[in-house]
Amino acid sequence: MAAPKSVAVFFAVLNLISLLPFIAFSFSPDQPTDRKILVLLDDLSLKSSHSIFFNTLQSRGFDLDFKLADDPSIAVKRYGQYLYDGLVLFSPSADRFGGSLNIEGVLDFVDSGHDLILAGDSNASDLIRNIAAECGVEFDEDTSAMVIDHAGYAVSETEGDHTLIASDEFIQSDVILGSKKLEAPVLFKGIGHSLNPENSLVLKVLSASSSAYSANPTSKLSNPPSLTGTSISLVSVVQARNNARIMISGSLGLFSNRLFRSGVQKIGSLNKYEKSGNEQFVTELSKWIFHERGHLKAVHLKHNKIGETEEPSIYRINDDLEFSVEIFEWSGTSWVPYVANDVQVQFYMMSPYVLKTLSTNQKGLYHTSFKVPDVYGVFQFKIEYQRLGYTTLSLSKQ
Amino acid sequence: MVSSKMEKSPADLLASPGLSSMLKSLKLKTKQQELLIRVSILFLVYVLAFIARLFSVLRYESMIHEFDPYFNYRVTQYLTQKGFYEFWNWFDSESWYPLGRIVGGTLYPGLMVTAAFIYWTLRFLRFAVHIREVCVLTAPFFAANTTLVAYFFGKELWDSGAGLVAAALIAICPGYISRSVAGSYDNEGVAIFALLLTFYLFVKAVNTGSLAWGLASALGYFYMVSAWGGYVFIINLIPLYVLVLLITGRYSMRLYVAYNCMYVLGTLLAMQIRFVGFQHVQSGEHMAAMGMFFLMQVFYFLDWVKYLLNDPKKFHSFLRITVTSAVGLGAIALGVGTASGYISPWTGRFYSLLDPTYAKDHIPIIASVSEHQPTAWSSFMFDFHILLILFPAGLYFCFKRLSDATIFIVMYGLTSMYFAGVMVRLILVATPAVCLISAIAVSATVKNLTQLVRAKSKPASGGSGKGAASAKVLSKGSLDQSMPFQKNGAVALLLGVFYLLSRYAIHCTWVTSEAYSSPSIVLAARGANGNRVIFDDYREAYFWLRQNTPPDAKVMSWWDYGYQITAMGNRTVIVDNNTWNNTHIATVGRAMSSYEDEAYEIMRSLDVDYVLVVFGGVTGYSSDDINKFLWMVRIGGGVFPVIKEPDYLVNGEYRVDKGAAPKMLNCLMYKLSYYRFGELTTEYGKPPGYDRARGVEIGNKDIKLEHLEEAFTTSNWIVRIYKVKPPNNRW
């Protein structure tokens with residue numbers, strides 16, 4: 001009697017989480033890169049003082065729409081459709097946005113899969129702080145505090161207060177920062193922030209050195225600073241679960257022409273660079289943020305009994321089955337096969353019954369075969385591939 | 001299909017004695033009249049049994065009741081749509097997510113196959129009925145058939161008068177009606193018919209010693225096995241009965257033939273039901289029958305040896321050796337079988353029958369079902385009414401005229417009465433026995449009295465049988481002649497009996513219309529000015545689920561509602577009323593009794609999309625989830641020791657008001673039930689958040705939900721559905 005019966009009704013869930021890349025929900029899936037970006041400024045003069053950054057974006061094909069943060073005509077959404085694919089907030093002091101945009105609007109924008117670059121600064125407004133806090137980043141509570149590093153400041157003409165720091169504590173990820181190694185330290189002048197430990201999605205991209213602390217440079221230090229050392233993050237990114245990407249920087253100047261061009265010499269270091277790492281850092285990071293890199297997609301998910309091609313609705317226990325999927329990466333202009341040897345598939349019912357590494361043919365096709373376990377149940381095929389910087393892909397198939 | 005045919009054949013056999021007696025009676029005028037009366041009474045009883053069960057259809061509408069019937073209905077639908085083979089191999093992915101359930105191998109298919117067979121027959125006859133109508137009316141139809149069986153059984157036991165009374169009593173007995181009203185499409189509906197049929201055929205086989213009747217009883221048994229797990233009662237009662245007959249020296253060839261035929265064939269047939277399978281020869285519950293079978297052989301062998309030896313002395317020593325070795329062998333076989341795991345031990349349900357306190361201590365999930373609670377006296381009275389008084393009287397009559405058949409009914413009556421006392425729902429099993437024995441009492445009394453009244457006239461009259469009045473009755477009658485006023489006394493007593501019987505009829509009608517005809521899925525209450533208020537919240541909620549949630553959404557609820565959600569809401573559930581996996585139920589119980597964030601983790605791991613709770617605080621509906629909550633805690637705690645019952649109690653008391661335990665006030669179930677309830681004024685003159693089901697003001701009125709959001713609440717707040725939010729996008 002109990003003839004082995006059907007076991008596996010399946011759903012295949014494919015989760016590719018990647019570290020870096022771009023996400024694609026609001027764009028056509030074939031073209032994950034953002035196209036239209038709204039830039040909100042405190043002051044239109046920023047347009048010229050940060051022109052290098054904006055020009056690189058424009059030269060990569062982005063359509064930038066500049067507005068003052070309090071411009072009453074701001075609207076990111078019309079008739080339920082988002083007008084922009086990305087948002088750049090270079091308005092650290094804005095207390096409120098003009099038009100219909102508010103904090104919920106910005107968060108909804110992100111939650112519907114769009115990207116955000118947020119630049120804070122010392123004296124950042126509550127609005128900016130709240131947006132950052134919602135993304136898992138806490139700016140130093142002291143509004144006038146800045147990151148100070150007496151052992152890691154950049155040598156400059158004036159002695160100053162060591163608030164212009166040069167940091168080379170980058171995240172180790174080719175996907176986020178590009179494959180070209182950043183030689184020069186990045187110049188940073190602004191407020192530090194810490195990551196909320198409850199948030200598992202936020203990453204430090206640029207952190208301060210162990211000798212840094214966050215305090216008001218003009219007043220005497222009366223209490224120990226609340227933020228010290230490497231726990232201070234200067235630039236952080238978040239890849240949300242829907243693959244929206246967020247970059248939060250504690251310094252607006254990071255993007256400015258002045259710091260792009262200035263040379264840098266870190267105190268105590270003999271190396272003097274003609275040009276700071278800022279331009280390369282910001283450009284590569286913006287490529288990741290706007291999904292020009294690190295975006296994966298999985299297609300042609302297939303499973304069937306060995307020797308058949310049809311996908312059955314049900315497997316019987318001890319059937320032999322084949323499973324294959326194709327994974328591609330967005331190169332900025334086209335989809336290229338993604339090659340890795342660590343993609344695994346799970347045959348999953350509450351816990352994985354089968355966990356197999358997929359073999360690849362170097363052309364993006366991943367493949368494996370296994371025997372259905374001797375257990376009845378509703379199983380899912382599940383690929384959870386989470387690599388720093390790559391997007392999450394989630395497919396389900398029944 | 002197979003079993004439906006089986007069911008036909010005993011029915012045919014049934015008809016034949018009636019036919020032959022009809023032919024005979026054609027010759028005699030009085031017999032003809034008597035037969036006509038008898039047949040028309042039986043016909044009226046048949047119709048009555050059917051009609052009395054239609055209250056619920058008239059009062060509400062033609063729909064399926066309660067919980068389990070919804071599963072049966074869904075399965076029947078599947079069977080009629082996909083055919084028998086698919087049905088047998090059905091793997092149901094909509095229940096017990098993500099484990100699934102192999103439906104074909106885990107149910108008793110008798111009911112569904114019967115209904116599908118009726119459906120196909122009607123279709124074949126070009127009656128375009130909907131399968132739902134068939135399902136709704138299956139139980140009344142079989143209840144009506146039961147009255148026929150009761151008639152024949154009564155006739156076999158006593159005389160046709162008793163048979164008629166038994167048919168009439170069982171037709172309206174509340175204990176039976178409770179499980180067989182239109183719409184209660186449950187196994188019991190056909191199982192009682194099958195149970196009584198099997199017993200009748202077996203008694204007939206014992207009385208006649210005929211192989212044909214033995215075969216028929218085996219087929220009846222097969223139908224019973226296919227229909228209900230209660231068949232275990234048969235397979236234990238019959239060996240017990242045989243044992244009693246052996247001990248009392250009533251062993252006969254007839255008994256040998258009947259039992260062996262019934263046991264061997266019955267076992268082979270029963271093993272064809274996949275859910276039973278090899279259990280029938282392996283599990284502890286069935287061992288008594290097997291032991292009895294071997295004992296019968298030993299007994300027969302001894303009989304033979306005794307016949308051969310012809311020497312009492314030699315025979316006695318031989319007897320001693322054989323009995324010792326047989327008993328020793330049996331004990332060793334049983335011991336080895338149990339130790340090696342070949343013979344499975346008794347199941348929890350079986351234990352709890354023998355020891356009513358067992359379930360409470362060991363298996364909370366069995367004890368949590370209200371049907372499994374010990375019976376209260378009031379419900380005996382409610383379900384049996386005067387039968388409760390007539391029962392001992394009937395026993396008296398049975399003992400006065402002992403025969404193989406009456407011994408059987410006495411044993412059936414006594415054992416089933418005991419079981420009825422242990423579990424509420426087994427009142428159902430006791431009902432036919434009680435009806436039969438009471439019918440004997442009524443019939444015998446009335447016959448004696450009428451004989452007194454019409455002292456010298458012919459004894460035959462209306463409902464009280466042919467002229468087969470026994471010698472005892474006659475002699476008793478002549479004894480009574482000497483007493484004064486006996487005629488007047490008899491008239492008075494007769495009137496008393498008729499008064500009692502009419503009270504019984506009134507009681508039954510009232511109970512049927514008031515208590516047993518509510519579908520429980522639609523609730524009715526009396527409004528302030530006596531009008532009927534209908535709460536149709538369940539169907540509102542299930543309809544909402546069906547229309548507004550994605551087709552593959554998974555709904556978590558306490559298991560009571562599982563069948564209804566899958567059948568009506570057409571959505572996947574985590575647990576349902578088929579309580580086969582205690583751990584899974586305990587996981588749900590744990591989620592319900594944890595804090596919200598812990599529960600969220602559990603729900604995520606089970607892919608839960610919606611949570612459904614039943615809440616009676618607004619309407620005063622008392623069988624809601626808060627009242628069931630302690631069972632969730634107990635069941636959850638039975639598997640996961642993190643959940644501790646004392647955490648939810650204050651000084652051993654269960655309360656929801658301000659004095660409740662902090663864990664209670666913040667567990668998921670509490671939050672989901674009372675979310676935003678604090679803003680609602682339910683009753684004039686009471687503070688907001690006054691819970692009408694428990695009569696207290698709730699203790700936590702400011703409930704915030706973090707991971708869930710309210711998706712739907714029905715108009716009377718009875719069903720509340722929450723959506724499980726996806727994990728925070730940016731966290």
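Just so it is clear, glycine is given a Cβ too, placed from its N, Cα and C backbone atoms.
Checked against TrEMBL, the range among B:405-421, B:422-438, B:660-676 recorded as transmembrane segment is B:405-421.
Across the domain 'Oligosaccharyl transferase STT3 N-terminal' (B:40-437), mean pLDDT in this model comes to 87. Tertiary proximity for the transmembrane segment (B:321-343) is limited to same-chain residues at least six positions away from its ends with a CB under 8 Å from its CB atoms, namely 282-284, 287, 291, 294-295, 298, 301-302, 305. Most Cβ pairs within less than 8 Å of the transmembrane segment (B:256-275), among stretches B:35-55, B:102-122, B:160-178, B:221-244, belong to B:221-244. DSSP states for the domain 'STT3/PglB/AglB core' (B:554-612), grouped as helix (H, G, I), strand (E, B) and coil, give 33 helix, 9 strand, 17 coil. Residues 235-236, 238-240, 242-243, 246, 251, 256, 259-260, 263-264, 267, 281, 315, 318-319, 322-323, 326, 330, 334, 343 of the same chain, all 6+ positions outside the transmembrane segment (B:287-309), place their C-beta atoms under 8 angstroms from a C-beta of that stretch. Within the chain, the transmembrane segment (B:35-55) has long-range Cβ neighbours (under 8 A, six or more residues past its boundaries) at 21-22, 25, 139-141, 143-144, 146-148, 151, 160, 164, 167-168, 170-172, 177, 180-182, 462-463, 508-509, 512-513, 517.
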